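Participant: Dropping a structure here in structure tokens format, bear with me for questions.
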């Protein structure tokens, strides 16, 4: 890594970004903080309530359930997508026309608007008009994602795996391509098994991209909203209501400004913590290189 | 280490093994891609069917091939204006993001300055923050400045995640350009703006293209903010689609056709960014 | 500005944060700090320790609000001490 020049005038170049993101991030954040300590009926009828909303939110059992569901969901999809993504990346050809084709085909789900992903699975999973739903009833499973919580979960997880495994696969693929051919030649001379090649040559090179992949997948699944909203609307009951969904329900549906703001802040703090841990890890790894 | 003794037979066995593994890999990949494309195929298939055919049974090919669903979208202004609105604010967002992100990414890739790391992290945290957290204040903010239901409101709101994305991706590309080029240019008497526009930007042309694509992409796929900040004049296609979903008597064919049309922009340009697609999705960190 | 619903405590809070940031910047200009290793398991600069301190203080406050009924000022005092320790030895 080249050493950078110390120059505080560089701030002038960063200023536009700072201003535009500050407008969209800091002003709203301040507003959320303001809302979170008041009971607001309209801008002129409001009362300072201190930390009451925070207490209410932190002790709200519905939110505990949503948080628990969120964690189970995020870890489930990570547990499926990371190994599956690695497998797909290992199977992808590295040279020639096939490589480009595979790359494009695998990337397609990533380019689909999130609500359309929801729509696709909404259609695909229905027993009367969808292939997957019809297949499930054909093999004798009584499958209905709109009324059975387990089926709804299965569909939401399947949808996310379908949607985002390509991301992990693409990251791993680009990590694998960075391994020089010499390494494989050396392994061949040593008569290393396929597993040994993976364990001692490929996996170490993949840790870097995998950390980024896990970061992105964890964060994005932690704020998932659109896909389950379109697919199940959070139901049946509240079985697929994740954090963003319950927040939107509270903020827009019931217009409970105070509690929604307190909830937002707690949510944001969790995100900030996780994000910082990953950022520090990634930056330290880059420094070591 | 012992391979020198009986190299020939071992090598061929290893080769056969490798070929088998290769074959298995191809088979697995084809299977995966087929499963991946099946739901999309189903959507496309459905968009060419009439509603009666959709509801009457499953078939892999439309028996009664029709373009009626697409015709309906292109003839009804509440539908096609949705696409126009989406493209409009997405393009606006793309231009804004690139304009502000280019100098900033240059600063991050070339200089150390007070708070640079914290600034970089702050940008990242905005990319990671759930839009739902900012939903209410955004609504209030844009209403109070009179921008509610305009394209620029959505474009600015989307900047919260596209600008960090653009800065991160561009920084990745710019760090790959050797610093000697900058120094030589300054010695040759180029001023910074002249150097930046004449020499540096052409050097990272492909990076800028990729970044533009990803700004476009991420703004295009987002629904929550776009839906909340618009009501009539700037309503995006995604929001129009969800409204159809909740309406009584599902028009499945129409919904499928609208979905297919939203996939097309991504499909058209993916070919050009295929080699950088991982880098883009990984915020330039690959 | 009315829609932002400012209150005195939150205004003071943000002014406080702004003052800290300005102060840290001036401190950095007057005497630049070097990365060092304290009791935290990673090398940190002053700014890093400030961030860690603020974030952990936020969580301390949340824990106090959720789990106990004591006055929030207790949490604030505790956080201030924690910040001090972190900045000095972290």
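Every residue gets a Cβ built from N, Cα and C, even glycine.
All TrEMBL annotations are machine predictions without curation.
This is the feature table in TrEMBL:
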type	residues	note
TRANSMEM	B:26-44	transmembrane segment
DOMAIN	B:83-273	domain 'ABC transmembrane type-1'
TRANSMEM	B:87-108	transmembrane segment
TRANSMEM	B:120-139	transmembrane segment
TRANSMEM	B:151-174	transmembrane segment
TRANSMEM	B:195-221	transmembrane segment
TRANSMEM	B:252-273	transmembrane segment
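Help me see these features in their spatial surroundings.
Facilitator: The list of residues near the transmembrane segment (B:26-44) in space but at least 6 beyond its ends in sequence, with Cβ under 8 angstroms from a Cβ of it, reads 256, 259-260, 263.
Note on the transmembrane segment (B:87-108): residues 116, 120, 151-152, 154-156, 158-159, 162-163, 165-167, 170-171, 174, 196, 200-201, 208, 211-212, 215-216, 219-220, 226, 234, 236, 265 of its chain, located 6 or more positions outside it, place their CB under 8 angstroms from a CB of the stretch.
Non-local neighbours of the transmembrane segment (B:120-139) in the same chain are 108, 148, 157, 160-161, 163-165, 167-168, 222, 224-225, 228-229, 283; each lies 6+ residues outside the stretch with a CB under 8 Å from one of its CB atoms.
Same-chain neighbours of the transmembrane segment (B:151-174): 85, 88-90, 92-94, 96-98, 100-102, 104-106, 108-110, 120, 123-124, 126-127, 129, 131, 134, 138, 142, 204, 206-208, 210-211, 214-215, 218-219, 222, 225-226, 229-230, 234, 236, 279-280, 283-286, counting only residues six or more beyond its ends whose CB sits under 8 Å from a CB of the stretch.
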Participant: Six or more residues beyond either end and a Cβ under 8 Å away: which residues meet both conditions relative to the transmembrane segment (B:195-221)?
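Facilitator: Long-range Cβ neighbours of the transmembrane segment (B:195-221): 86, 89-91, 93-94, 97-98, 101-103, 106, 155, 158, 161-162, 165-166, 169-170, 172-174, 177, 181-182, 185-186, 262, 265-266, 269, 272-273, 276, 279-281.
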